[in-house]
Amino acid sequence: MRKLSKPLYGQQNKTAYLFLLPWLIGFFCLTLGPMIASLYLSMTKFNLLSSPTWTGLSNYVQIFTEDDTFLRSLWLTFYYVFLSVPLRLAFALLVAMALNKGIRGLGIYRTVYYIPSLLGGSVAIAIVWRQIFDGSGLVNQFLSWFGITGPSWIAHPDYVVYTIITLSVWQFGSAMVIFLAGLKQIPADLYEASGVDGAGKLRQFFGITLPMLSPVIFFNLIMSMINSFQAFTPAYVIGDGRGGPLDATMFYTLYLYLKGFSFFDMGYASALAWIMLVIIGVFTAIVFLTSKFWVFYGDNQEGR
Amino acid sequence: MPLKRQLVQAGRHAAIILLGLAMLYPVLWLILSSFKPNQLIFTDSSLIPTAFTLDHYVNGWKGLQGISFGRFFSNSLLISALSVIGNVISCSLAAYAFSRLKFKFKSLWFSIMLVTIMLPYHVTLVPQYILYNELQWINTYFPLILPKWLAQDSFFILLMVQFIRGIPRELDESATIDGCGQPQIFFRIVVPLLVPALITTAIFTFIWSWDDFFSQMIYLSKIDLFTVQLGIRSLFDPSGQSDWGALLAMSTLSLLPVTIIFLVFQRYFLEGIATTGLK
């Protein structure tokens, strides 16, 4: 048996690596190689024109001890991620549950709610957002009906981040579609049985819906978190592209971009990128490790 | 009781429709304002234009520094089309190997592939830029397209792996008995059945490369190479001196291809998201 399968296996080995060849080249040349290079560059001073000079850990030391903008951009990004991700997911779940009641016209509603997710990543929508939240924009016109004079949301350093958060929450449609699919998987007899046992709506939500959906929530949480950490276009377009007003739109990626491609301090930018990688890695690991306690993989539900 | 139920139903519909309208309002505002004369864009708060003009489309289309928006559109289309072809081919090849073939270190490669899905783009950004700079590829489309031909959007590999796993293996086996090699099984059996996943990959690749402002901004600075996103960003002046009519008109146009694709391929879209959790 071994004699027969070994050459076959060897044959498949070759074919398989041929199929994998594009991905492997890409992985080594565009991912692994650059990652190692960026770790090296993060310990140098490099401006693209002259060759890099080794400076050891001094970029990192500078980032952690002297760089106020780093701290502010990190804090701003955290604030954005930890507000926009839960809000977006909560909203998505709420609307998905409202739509999952055997309602007529579900297809149309689903399409309408999905459109913001479809268009939200474009420069065009970011510009519209800027206009809507401007001093004389739609939001303030709406508020003025109630006699409230709103500030210029985009010009005020305390408020502009909320403009960007609304833009993110507005795009809850894609998460909603995933939740809708998840809700359909929950067997109806679970609700019937618990209804017979006298469980109320709230009890059913916490006892059935949330646990049964937890694998989907887990997946959504990871992906939204990783994406939100990397948000760039809204901060760049809604702000002035340089982090203003008063660094209030200086998201981490924007800071990294400015350091690397405006000031051509590419060693510093690489150090910032590695710090970002570690932070995202730590948060992803936390979600993965805690998932044991809150993600429930039922028998009839395939976990992801 | 039935009356009460009907009322509840009607109330639910009303709430959902209202929320839907509120959600669409920014998009509707953008589209309708692009037809309003300049002086009405910010003063006339009603959605329906009281006066109608196409001037903004004519003015906006003229573009920047003598390069028209038609050029930006064809540039964007070119980049997106080449990205789509690259992703569809390279990701399906890799997915076939991962889902059907036995080879050394398979599980190691597979877990590496999964990890790269979560890798932030920025970690490889600077060295990639240096590499492309060395190759003199700045101000070309290679940096935007090459990664797609090398299957670097691993997400789609995973999508297709999951899809291929659902294709019955008996089909491959009977083909092997008929004397088909692996390449033939791939092209004759797996690819035809993989079409829905390929379409999902194609539309998401199209949209993501259409909207990929960040990479376009980094790699393209010559105006005749500009994409739609870069063109709009250049029309827009944050300090407030923009030609808002032209800006809104071109913004409306920029959303058109993505919207059309969405409406045509809706089924693949929503199923694709639901089964894989895209975006």
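Placement of Cβ uses the backbone N, Cα and C atoms for every residue, glycine included.
Within its own chain, the transmembrane segment (B:12-32) has Cβ neighbours under 8 Å at 47-49, 248, 251-252, 255, counting only residues six or more beyond its boundaries. Under the heading transmembrane segment, TrEMBL lists B:12-32 (among others).
The feature domain 'ABC transmembrane type-1' is assigned by TrEMBL to B:73-265.
Per TrEMBL, transmembrane segment is recorded for B:77-96 (among others).
Taken from TrEMBL, the feature transmembrane segment covers B:108-132 (among others).
Under the heading transmembrane segment, TrEMBL lists B:144-164 (among others). Listed as Cβ neighbours of the transmembrane segment (B:144-164) (distance under 8 Å, sequence separation of 6 or more from its ends, same chain) are residues 79, 82-84, 86-87, 89-96, 98-100, 113-114, 116-117, 190, 194, 196-198, 200-201, 204-205, 208-209, 212, 215-216, 219, 272, 275-276, 278.
The feature transmembrane segment is assigned by TrEMBL to B:185-210 (among others).
Positions annotated as transmembrane segment by TrEMBL: B:244-265 (among others).
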Who are the long-range neighbours of the transmembrane segment (B:108-132) in its own chain, taking Cβ under 8 Å and residues 6 or more past its ends? 94, 98, 138, 142-143, 152, 154-155, 157-158, 214, 218-219
